[in-house]
């Protein structure tokens with residue numbers, strides 16, 4: 001965009017420049033802090049097209065603005081003894097290196113279960129706070145990172161189960177649970193209690209169940225909690241039992257094993273919760289539900 005008054009070319013990434021006045025553009029000096037990319041046709045084969053490095057990272061001590069010299073590839077990059085002529089004189093601090101490794105692990109775990117970028121950012125911030133407080137000394141950084149990811153998911157309203165986090169990390173469920181409690185205490189923060197509705201949509205989607213069955217399962221689980229039919233049962237096991245009951249009453253039936261594999265609970269856990277809600281089954285279904293199998297014909301287990 002060309003300024004109509006001074007003739008300067010003003011460019012900024014993904015910003016509607018029409019909303020800014022000339023004074024605001026020049027006075028605030030809007031700067032693009034993203035990476036600059038090469039546009040030369042003869043450099044298409046290079047792996048990293050970035051010419052000025054990555055964007056600023058506020059989570060690191062120096063904003064990650066230090067220059068790192070890459071490994072040379074041509075003969076001119078090495079001396080007669082095979083040593084690199086250009087070396088990094090200033091290396092990254094040990095704390096920054098530990099955080100960078102943790103951030104990479106967090107990004108990898110989030111990618112494996114398709115979590116959005118805002119979850120990764122919140123997890124990185126949580127890890128940085130815990131790491132700088134040194135309140136979890138003796139705990140592995142991978143365990144802290146896994147627990148931070150679990151907390152971030154719950155705080156952002158998209159909770160994941162401990163088993164789902166364990167599946168994408170190398171840490172046991174027991175260790176993640178310990179770190180989870182220690183982090184909440186150290187940061188003096190809290191998370192909302194999980195409910196059956198937090199998992200229902202995702203479980204039903206993974207089971208390829210229609211919307212009607214999902215709505216029925218949600219209604220069954222909510223009514224079961226309201227009527228206090230499942231005291232002491234985890235919301236995940238109640239959700240799994242509700243899905244089993246709703247699917248058995250519809251044409252899209254799913255087995256206990258299929259539901260257990262998606263929900264991460266054992267078949268016996270589903271049966272125990274199902275037995276608690278089965279006697280009140282007629283009161284749990286929504287009034288407009290279209291039964292393929294009548295209530296009195298549902299499995300009794």
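For all residues, glycine too, the Cβ spot is worked out from N, Cα and C.
Record features (TrEMBL):
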DOMAIN    104-185  domain 'Cyclin-like'
DOMAIN    198-279  domain 'Cyclin-like'
Mean predicted confidence [pLDDT] for the domain 'Cyclin-like' (104-185): 92
What are the DSSP helix, strand and coil residue counts for the domain 'Cyclin-like' (104-185)? 61 helix, 0 strand, 21 coil
Using DSSP, what's the helix, strand and coil tally for the domain 'Cyclin-like' (198-279)? 61 helix, 0 strand, 21 coil
